[in-house]
Amino acid sequence: MRGLGIVLLGLQQYAMLMIRYVSRYLLSVRFVSQFFDYLLKDEINESLVRSHGIQCGFCTPGMVMTLFCLLRNKPNLTQYDVEEALEGEFGKEPWDTVWILYTRYGDDTVLSPEEQAESYSDCPLGEKCCQNKSNDKEQQTDLKNSEFSPNHVTQNVIFPPELTRSSDKTMKIFKHSEWTWILPFALSDLLDAKAKFPDSKIVMGATGISYFLHTGKLGTYTLIDGTKVSDLQNICVKDNCLEIGSAVTMATLEQFLKEVEDPKPSAVMAMLSCLRWIAAGQIRNAATIGGHIMTADSRSDLNPLLITLRASIVVQTNGGKEKEYPLFKNFFTGRFKTCLSSEDVLIKVKIPEFKKTNCHIGFYKQAERKGFDYAIANAACMIRLSEHTVDGATICVGGISDRPVMLEKTEEAIKGKKTDALSLDVQEILKPATQEVSVLCKDKYKQSLVNGFLIKFLESITKDKKEASDPHEPTHWLAPCSSTQVFEDAPTSQSDIDPLRRPLPQVTSHNLVSGQAPFVGDMPRFKDELYLSPVCSLKAHAKIVSVDTSEALKEAGVIGYYNHTDVIGQNWFGLIMKDEELFASEEVHCYGQMIGVIAATSEAVAVRAARLVKVTYEELTPILTIEDAIKENSYHPYSAAPIEKGEVDPAFSKVEIVEVGEVSTGSQEHFYLEPLSTVAIPKMEDGEMEIFLSHQSPSFLQQSVATLLNIPRSRVIVRQRRAGGAFGGKQMPPFKVAGPAALVAQITGRPVRFVLDRHLDMIMTGKRHPYLMKYKVGFDKEGNISVADFDIYSNAGYSTDISPAVMTKSLMTIDGCYSIPNMRVKGHLCKTNTPTNTAFRGLGAPQAVVGTETMIYHVAKTVGKLQEEIRQKHLYKENDITLCKMVMENCNVQKCWEACKKQCQFERLQCEVTKFNSENQYRKRGLAMVPVKFPLGFNPLFLNQGLALINVYLDGSVKLTHGGCEIGQGLNTNMIQVASSCLGIPVTKIYTGDNSTDVIANATVTGASSTSDIIAVAVTNGCKELLERLKPFREENPDISWEELVVKAYFNRVNLSVLGYSITEGGSWNSETATGHPCNYYTYGAGCCVAEIDCLTGDHQILSMDIVMDVGKSLNPAIDIGQIEGGFIQGYGMMTLENMKWTPEGVQISNGPINYKIPGVRNIPREFRVSLLKDSPNPKTLYSSKGVGEPPLLLSVAVYLALKEAISSARKSGGNSENFRLDCPVTAERIGMACPH
């Protein structure tokens, strides 16, 4: 049922909002069944399925429901509508979903009145049906561009009559054991309820309530919902004053303002601009003006604008008169604080003279992410004009203090100036602004943002710059996206029924898009099931003095508290070294480390009780950064020898130029959409335990649970159908939920469920390793590099995890695609008091590529040449020797480079970027093109083995079970294609079962982009053996069907179950001696990026991204292209947006989507072109394919370099041509601070 709430409510606010909307009714089982049946055949879903817009599918239902609602309300869609709607959705699906949805929907055909009437003729609601659009101005739907047959309007699922509003308008009171929810319909009832419950809170949309609920800061358990009070829902204009009821939603206000006749007054345009970028459409549909104001969040976008517009609010108390408060007169007294008393109820907002024309108003906002984000800072600016002279000014800034701030001295500096001289007097105006802001805010970036906003505002008045435009006009950054994917068709000689090399949709895609594919959290509840909630450390480094659970254990429904003293086997675990405790015993080593768990009969009780556990600490000094670790000499053991090629030290003495530099990359959260989740079921015999778990490493997790419980591994069954994303983060971390669940299940004999919420998942688990890379490079005046030396430091966290393998991958890939005759690299694992960092897509290669390409960029700038020129002259060629002394065979990096250069028309782009930069002062563009070389094959060698079990049943159906985990990469689909091709039967006859350790033992971890290579051989070997068994019967009866063949073999006592086994080539690298073979083969690629920055704010946009990947002969081009797009976007997040933050005390600030930003729909390149390299078979694998899950992520370094080039252009315009350090992620702050001011 994931995503169902969106179609009914318009947002995901779950149970509390369900009460609000549903009132006394419950959602009928009949409707749910009808709705799912509808979704299975709905054209939206079919479009996504057949256009390959799905990967793991966990977030897809939400996107489907969002579009479903959009189409219900606006059948005539533009691409802008689709993108705007999807701003509220986050996921790891291929981002060409946006283009799929747009090209599918958009229309010129108008429904006739008869067709409209037909659409609701059978609805129980009659003319009140949600499909009755007779009052709308225009309704259109265009299906002309679609290859799919559209559903007729009569086939659309109706809105369930049970959920329509009741005619009973008496006040409703819903009571729970803890909560009271009051739903009044009349203003008098609301005022009475507030008087009766003075400590209650009025909620007007509830879009922000989850924060207070989650943090326990709500302060009351009585809530009054004012959204159904009709007196609070009015919008009207009285005497040129706009009056807005406090229960009016932002979406309603936005629509009202859009309908104001053109030309729209400046105030209206400013409000539309402001509302457009508040949260996302799903939130604006529910969030109200009153709720937004009264929340008094210092990051509010609307409040500064309302202050600038001289708005006031009207409040009322029970039995009292209305009182009016101007917002600009100290109404806001702090963050989440206003001057109102607890008895005051906000009735309406008044904006005077909102249609006045003798003014110019601008609203500006800069956030960490474009779309669906809080402001870092914002500003609302207004000047009042008397002819061509500024008669007065109002400037209000948000985000720089605990409340909106008016810049009164700046207002005075503007007053009296001629409008045509404003841009000339910028520096004079900025001086008092800088002084005012610096008193309130010491953040240099926010200070520069305010200056940038003012420059934009002043120049939008005079428009004496080509790039100056009306602040309310959408920029070219929001131009429609375009997408191209190019791949080879299957050979004409291939049989039509052979599915290999064809773009087949994922085999379970219909279930995924309709929300019917179950994940662990969707499993039905078991009888007597228990729920766990962790007790986590609130200190980064401390000794545990005591743990007081007395208050927690008093809670009704609490079964017990479990910690290290309850462990039956071993509390220590780890993959390489067992140096991490499941439950911290004597000392905590990071914020979020698990100390124990509460078990209770419900999740809510467990969570509440866990908060009541009191831990007393003796604090110790934490080490948080790489720099701190170096200073304190804090390292994990790492015995890898430096890797060296040639003679590095002598080479430095012979070169013309030597440069040194360093660059760092930050931590990155996996942000898989399905959090760590498990259900543990004790089997009640011999300690056997069955564990349903979202993971990608069955053998390690089976072994860890067995060791914890002190039972043989054979008695632990770890099962999984699919995972909602993993990206390396579900190898070791899932034990942190599987271990406690199995332990409590064994002790209590009851099923146990442990599902982390996003906050807990983020603070308890490791991330991508932050890196510090120092380099020294020697070269001549032409940019020919002869020697390079790297020192690499990673932040491993408080235990080892898989950090040695991550660092070894970095050492083996630091040469990139470049042949440098003398090179050396050594690595260090820093031990810090942060969560243990773990595997992440690409392992250590993305960080290494940043280091290598930064060095190349440094060389290019030093000799005054294009960075692409330096890259091209150093590209590996056939038979070159790599840093690890591997001979380059079938080296396609130059082919990818040339193909990408041709595809993107590099020379044309170069001219366009140069021209643009010469014509614009505050906007600059950068161009960068990079190659990639990624090693494939597990290292160590023993991991390159796999199993596949093929069971054939008497009806001819086949069940395929293998050792790989389906984590969204399309593994099951690929393997079904392989089996179908081998057996010569349709893919519809083959079904994949759960990954389960009692079926496939000792399975290799799913990762390293190598699982398809390994399992494909196992499936093929199994199919060959099966066909060999069936061969005599086929020879005797060449014309019989597959089904008849199977039956005939069975009656002749032929075993129809086959276990296929594979041994494939991989790496045999010995890191201690720096010898051996690093991999089986390389995947190559090249990418070219054009990015544009706003020098005044640090904002940016990718204008175009071209990618050419060498994937050999693809098993499924659609899946591979999806992996390429998804991998690139995830890498883009690493390079630009995803900035993990901690306090100086080691508390993790980035603990949820509010304060950690992954890419959204607005971050995708405006032009995105992906091509698979032609004619590039891979002789190293059975089917000539190549692993593709990780290599494309490395191409995101092109974004980093393009942004750096754009910043360089801005600095050059300011007279600074020197090379500069730019660390990842390249956030808006880093861009803004690197540009001249």
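Here the Cβ of each residue, glycine as well, is placed from N, Cα and C on the backbone.
Sequence annotations record features per position, and here TrEMBL assigns active site, proton acceptor to E1190. Sequence annotations record features per position, and here TrEMBL assigns [2Fe-2S] cluster binding site to C56, C59. What TrEMBL records for I202, V203, M204, G205, A206, T207, G208, I209, D301, L346, K365 is FAD binding site. TrEMBL lists Q696, F727, R841, A1008 with the feature Mo-molybdopterin binding site. Residues annotated as domain 'FAD-binding PCMH-type' in TrEMBL: 174-356.
On the backbone, the CA of C59 ([2Fe-2S] cluster binding site) and the CA of F727 (Mo-molybdopterin binding site) stand 15 Å apart.
Separating the Cα atoms of A206 (FAD binding site) and C56 ([2Fe-2S] cluster binding site) is a whole-number distance of 30 Å.
It is D301, among the recorded positions D301, E1190, whose Cβ has the fewest other Cβ atoms within 10 Å in the structure shown.
A C-beta separation below 8 Å, combined with a sequence spacing of at least six in one chain, links Q696 (Mo-molybdopterin binding site) to A723, A726, G728, K730, Q731, C965, I967, V1005, T1006, G1007. Listed in sequence order, the recorded positions from G208, K365, E1190 having a Cα within 10 Å of the Cα of R841 (Mo-molybdopterin binding site) are E1190. Contacts of G208 (FAD binding site) defined by a Cβ separation under 8 A and a same-chain sequence distance of 6+ are given as A287, G291, T295, D297, in order along the sequence.
Proximity note: of the listed binding-site residues (C56, M204, D301, K365, F727, A1008), F727, A1008 have a CA within 10 Å of the CA of E1190 (active site, proton acceptor), given in sequence order. Same-chain neighbours of the Mo-molybdopterin site beyond Q696, F727, R841, A1008, judged by a C-beta within 8 angstroms of the site's C-beta center, are, in sequence order, A726, G728, G729, Q731, A839, F840, I967, T1006, G1007, S1009, G1189, E1190. Sequence-distant contacts of M204 (FAD binding site), defined by Cβ-Cβ distance under 8 angstroms and a gap of at least six in the same chain, are D225, G226, T227, S246, A247, T288, G290, G291, M294. For the pair I202 (FAD binding site) and C56 ([2Fe-2S] cluster binding site), the C-alpha distance works out to 39 angstrom.
Looking just at the domain 'FAD-binding PCMH-type' (174-356), the mean pLDDT is 89.
If you take the C-beta of K365 (FAD binding site) and look for same-chain residues 6 or more apart in sequence within under 8 angstroms, you find C274, W277, D301, A375, A377, N378. Taking every pair among I202, V203, M204, G205, A206, T207, G208, I209, D301, L346, K365, the residues recorded as binding FAD, the greatest CA to CA distance is 29 Å. Here the C-alpha separation of F727 (Mo-molybdopterin binding site) and C56 ([2Fe-2S] cluster binding site) works out to 11 Å. Residue pair A1008 (Mo-molybdopterin binding site) / C56 ([2Fe-2S] cluster binding site) shows a Cα separation of 17 Å. Compared over the binding-site residues C56, I202, the count of CB atoms lying within 10 A of a residue's CB peaks at C56.
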